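Colleague: Take this structure first; my questions come after.
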Amino acid sequence: MGRVRPLHHAARRLLLLFPRPRAFSSAAAAAPSREPLHVCVVGSGARRVLHGRQVLLWWIEQMLKGHEGAQVDIIDRLPTPFGLVRSGVAPDHPETKIVVNQFSRVAANDRCQFYGNVTLGRDVSLSELRKTYDVVVLAYGAESDRSLSIPGEDLRGIHSAREFVWWYNGHPDMCNLAPDLQSTDSAVVLGQGNVALDVARILLRCTSELAATDIADYALDALRGSTIKKVYLVGRRGPVQAACTAKELREILGLKNVHVFIKEADLVTLPADEEEIRNSRIKRRVYELLSKAAIAHKGKNNNGQKELHFVFFRRPTRFLPSEDGVTVGAVQLEKTCLKDDGVAGKQVAVGTGEFEDLKCGLVLKSIGYKSLPVEGLPFDKYRGIVPNLKGRVLSSESENATVEPGLYVVGWLKRGPTGIVATNLHCAEETVASILEDDKKGLFMGPSDSKKQGRRGLLEILEQKNIRFVPFDGWEKIDSKEKMAGELKNKPREKITTWNEILMASN
Amino acid sequence: MLSRISQLGARLLRENRAVGNLASSTTSYYRGQLSRRFVPTKNILFSTATTSSDRDDGSQSKEKISVTFVNKDGTEQTISVPVGMSILEAAHENDIELEGACEGSLACSTCHVIVMDVNYYNKLEDPTDEENDMLDLAFGLTETSRLGCQVIAKPELDGMRLALPAATRNFAVDGFVPKPH
Ligand SMILES: Cc1cc2nc3c(=O)[nH]c(=O)nc-3n(C[C@H](O)[C@H](O)[C@H](O)COP(=O)(O)OP(=O)(O)OC[C@H]3O[C@@H](n4cnc5c(N)ncnc54)[C@H](O)[C@@H]3O)c2cc1C
Ligand code: FES
């Protein structure tokens, strides 16, 4: 054994150089030293945060390892890297944010630079980037919302969960949202996925617990003054089809001083449900958790506790105004039942024609994020993603589409804002593999007169347009100021939330 | 040099295929061939371990068990792990490619290992709810999957073999049907 091990180590180290075994196929060896490969990543977000490691970082590490000559520049419209890790992941989930520390490690590498406060589509165009870089990777996520398209959606008091999440996380675009939490005792959350559970949890959790997190200060104040006592989580389908994961569900079911309401009738399963439970471990465990919670809370009287109601088999059909005519006063819900959709063997909700109104003064729609296209980018409007083949952007979603050379996509923009969390890493790995494969094929070795400028070119563009970008050390300054201010209040950081202040702090 | 690399690569690639099959098959497959390391004399070790730890907590660390990791590429590494140490920690100390990104705080599942012999699996304490929550999300989950940060070395586990899931080589991304290797 002792003699064999050194070889193992050597072999593994080699493997590290080549992230995927495929690199060993006939075209084997590393590219001979030549011009650096100029790579630009748009969006510094974080696929697969749940798996603890930020995928973008992992991705860049793979890229740098897999190609000795790769030089990776990241641009982000925010001066602060990390996308949803900063403005999405709930403040009371600090373990998910461990990744933030890892960023510094990658950014310490000369071959990787961060340019914050640069927006694709406004400050630089896609065609400019493609002219400047050999490889452009779009990772700008999903920053818009699906809409319900039902009457009354514009009433005051109705927000998307994204807006609300950005607000409590101090995203500079939403720091002025000021949701009214003081004129009602009931909030309705439409949707039952993890994001829905996040916003419901923030509404219900003791503010003394929240105070120790990096939640935005103004949000904490607003939540302290909140009069909301009841939160309704509304789902079109049943407990077996709830889109959340057991971890998040367990967390909200375990909140202190919250009484959970689940109708026993909703827990009755049909053969098709049982089939779903058999086929999916997550569904089985989510269903079991809900059933247990229903029993545990049954018959207990809730003396003054806050209430969390799971409302199954209901879909929103319109929003009704309150007396003032401009604020939402109720959601009209239609009862649903499940039908086999005949195609994917999935059960879908269909309306029964029976309606009821649910009174509330705040509605948070958590029915999905949506990506936005930028000019010159093929975009599948129906699915809200960029058509791609293993991360290579395709010219259209039709069958005879061609590959857009040098253009790749990763993250929510590639797969849509859903999916099994566990597939996220594979999604990113797939895109890296495609790039390295294309590089081996020599696709980025154009004629010598068309050499890409890379970083130098980007800096020229930014200078010409007089765009003040925030480099990584600018973020570090913001970071240390936030941390210092946080220390005074016994929290991890005190987020700076307005555009002006952020830019000032970066100096 | 380059051709040597590619030869090595080709071999690793072949082995990789082999372990791909391994990881996706059921545990019964492992049973026969894999418990040969388990020698009865270790039971004696077990009793000494308990007595010594009864007497003095500190001396516990003297007891070590042997654990074998089967890497994604099919290669194997056998390491000795002090009783009381987590498998994740031990893997890190020995440069084994087990990620463990959340450093054992049960917020990821990157320390996923597959216990290759169900008899060993049965010797482990049942996973807690929190571990199960994370296992839900582990890629390539099997009946004998565990999180390495939650498995603590104890004498009965001497000779245990753990496979690192070969999952990251399978592109089961939405809508993309993985081809068999
Ligand atoms: C409310 C909420 C809570 C979540 N909680 C968790 C959790 O607890 N654990 C977990 O693992 N996952 C969680 N997730 C999921 C996780 O955040 C996502 O999977 C992941 O962030 C998606 O990564 P992405 O790179 O596709 O997009 P994002 O992370 O959104 O990154 C996109 C980045 O691109 C930038 N950008 C956007 N447009 C432009 C432009 N035009 N030009 C330049 N830059 C641009 C943005 O500023 C942003 O930094 C949560 C998601 C949401 C919505
Ligand atoms: S290291 Fe994250 S769960 Fe084990």
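Quick reminder: no glycine exception, Cβ is built from N, Cα and C everywhere.
For reference, TrEMBL lists these features for the protein:
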BINDING   A:Leu84, A:Leu120, A:Trp412  FAD binding site
BINDING   A:Gln192, A:Gly193, A:Asn194, A:Val195, A:Arg236, A:Arg237, A:Glu248, A:Gly419  NADP(+) binding site
Colleague: Quick one: pull the CA-CA distance for A:Gly193 (NADP(+) binding site) versus A:Trp412 (FAD binding site), whole Å only.
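Modeller: So the alpha carbons of A:Gly193 (NADP(+) binding site) and A:Trp412 (FAD binding site) sit roughly 16 Å from each other.
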Colleague: In three-state terms from DSSP, label A:Arg236 (NADP(+) binding site) for me.
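Modeller: Where A:Arg236 (NADP(+) binding site) sits, the three-state DSSP reduction gives coil.
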Colleague: When you measure from each Cβ to the nearest atom of ligand 1, which of the binding-site residues A:Gln192, A:Val195, A:Trp412 fall under 6 angstroms?
Modeller: A:Val195, A:Trp412
Colleague: I need the least crowded one of these binding-site residues (A:Leu120, A:Val195), counting other C-beta atoms within 10 angstroms of each C-beta.
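Modeller: Relative to the other binding-site residues in A:Leu120, A:Val195, A:Leu120 has the fewest Cβ atoms within 10 Å.
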Colleague: When neighbour density is defined as the number of other C-beta atoms within 10 angstroms of a residue's C-beta, which of the binding-site residues A:Gln192, A:Asn194 has the lowest density?
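Modeller: Comparing Cβ neighbours within 10 Å for the binding-site residues A:Gln192, A:Asn194, A:Asn194 has the fewest.
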Colleague: Around A:Trp412 (FAD binding site), how many other CB atoms lie within 10 A of its CB?
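Modeller: I count 27 other Cβ atoms within 10 Å of it.
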Colleague: Write down the Cα-Cα distance for A:Leu120 (FAD binding site) and A:Glu248 (NADP(+) binding site), rounded and given in Å.
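Modeller: Between the Cα atoms of A:Glu248 (NADP(+) binding site) and A:Leu120 (FAD binding site), the distance comes to 34 Å.
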Colleague: Where A:Arg236 (NADP(+) binding site) and A:Trp412 (FAD binding site) are concerned, what is their Cα separation in Å, rounded?
Modeller: 24
Colleague: Near the Cβ of A:Glu248 (NADP(+) binding site), how many other Cβ atoms are there if near means within 10 Å?
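Modeller: So the Cβ neighbour count for A:Glu248 (NADP(+) binding site) comes to 21.
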Colleague: I'm trying to understand the geometry here, so how far is the Cα atom of A:Trp412 (FAD binding site) from the Cα atom of A:Val195 (NADP(+) binding site), in Å to the nearest whole number?
Modeller: 15
Colleague: Might you list, by sequence position, any residue in that chain lying six or more from A:Arg237 (NADP(+) binding site) with a Cβ less than 8 Å away from its Cβ?
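Modeller: Residues satisfying the criterion: A:Phe312, A:Phe313, A:Thr336, A:Leu338, A:Gln347, A:Val348, A:Ala349.
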